[in-house]
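Here's the structure, in structure tokens; my notes come after.
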Amino acid sequence: MSFNTLINWNSCSPEQQRALLTRPAISASDSITRTVSDILDNVKTRGDDALREYSAKFDKTEVTALRVTPEEIAAAGARLSDELKQAMAAAVKNIETFHSAQTLPPVDVETQPGVRCQQVTRPVASVGLYIPGGSAPLFSTVLMLATPARIAGCQNVVLCSPPPIADEILYAAQLCGVQEIFNVGGAQAIAALAFGSESVPKVDKIFGPGNAFVTEAKRQVSQRLDGAAIDMPAGPSEVLVIADSGATPDFVASDLLSQAEHGPDSQVILLTPDADIARKVAEAVERQLAELPRADTARQALSASRLIVTKDLAQCVAISNQYGPEHLIIQTRNARDLVDAITSAGSVFLGDWSPESAGDYASGTNHVLPTYGYTATCSSLGLADFQKRMTVQELSKAGFSALASTIETLAAAERLTAHKNAVTLRVNALKEQA
């Protein structure tokens with residue numbers, strides 16, 4: 001189906017509607033699964049030697065020192081323009097402001113007299129950040145991951161990226177306070193972070209995007225008792241735009257293409273009650289495509305994308321909630337009026353002047369978002385992902401005495417005698433003290 005084809009939602013059967021919202025299939029092939037499993041086992045067993053061998057094999061780079069030196073980091077910064085450094089600093093300031101505001105106050109309540117319950121927050125002690133390499137290094141992801149890690153107070157922050165690591169990534173890491181950076185990429189980097197090696201320290205939780213091998217490696221280590229936790233399930237990038245008759249077609253087209261150029265498996269969807277706007281957006285997409293260096297990639301993504309005409313904006317919102325996009329852009333008049341009705345989205349962008357690029361780089365929100373429908377149960381990355389919560393309770397004698405019979409009754413009903421005895425023994429001790 002061509003992206004220029006307008007689809008009337010209400011003319012489609014329920015089966016056709018479900019098909020329109022079906023994402024491009026992602027599944028690790030058996031060969032990827034086996035290859036990744038072998039890499040994990042090899043790195044766990046052979047450590048640094050395996051990491052160097054994989055760098056030579058996959059990255060075509062001979063790596064002697066896995067850890068990047070302070071001198072190399074300083075030299076990388078010296079090669080960057082002041083303009084880029086200032087832009088990074090401005091982005092970090094906004095990211096820091098937004099994520100610092102997410103700090104939760106401690107919970108400290110008396111549930112009944114003499115029964116004090118608290119919830120306290122602690123940082124995840126050690127985190128690993130994976131940053132993909134390639135022709136377009138995602139240094140902005142360093143800012144998005146390392147900044148909340150620093151605010152959360154994570155003691156050890158370790159970054160891995162395929163060699164040779166781009167200057168932008170090294171400088172961004174230094175800017176955000178990352179001290180340990182390693183020339184390791186791919187599934188082998190995930191293995192090193194999960195299990196540790198002679199050079200790379202083992203971490204408690206791994207963050208960051210990657211290709212199919214990295215994604216599969218993260219999945220596998222998260223399911224191993226000796227592995228590590230991960231940030232969230234990963235999938236192709238996606239955007240859904242809701243537009244009304246007042247939307248600017250060129251703006252809508254640019255937002256759709258900003259996702260389509262990510263990869264051939266990306267998906268973009270336009271929902272609008274105005275068929276004329278849909279046609280104008282399709283024309284604007286074609287015009288802008290002609291000027292994009294990554295036009296071929298974007299065209300492949302558009303083949304699985306949709307222009308859907310609806311009855312009204314309320315139906316647009318209902319369809320969007322059913323789809324649960326990673327990015328939701330609302331280019332309508334009074335866009336904020338629709339926010340309360342949105343139930344599933346990774347990040348929402350309101351109005352003509354809130355392009356998705358703002359959230360990707362510098363508005364302050366995090367660009368690491370749930371995709372592939374995981375917005376139904378997962379949240380956008382935030383400070384809480386670098387923290388853990390624990391509860392504390394303290395009962396006074398009076399508080400314990402008042403609650404004792406309740407605990408004994410419940411424990412007896414569950415036939416957990418030792419639980420009941422732990423209370424009964426104390427009740428008897430209090431009676432003896434009286």
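Glycine too: its Cβ is placed from the backbone N, Cα and C atoms.
These numbers come from a predicted model, not from an experiment.
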Would you identify which residue of Ser237, Ser303, Ser305 Swiss-Prot lists as part of the substrate site it also attributes to Gln259, His262, His327, Asp360, Glu414, His419? Ser237
So among the binding-site residues His262, His327, His419, who's got the most Cβ atoms within 10 Å? His327
Three-class DSSP assignment, Glu326 (active site, proton acceptor), comes back as coil
Cα distance, Glu326 (active site, proton acceptor) to Ser237 (substrate binding site), nearest Å? 7
Of all the recorded positions given, namely Tyr130, Gln188, Glu326, which is spatially nearest to Glu414 (substrate binding site) at the Cα level? Glu326
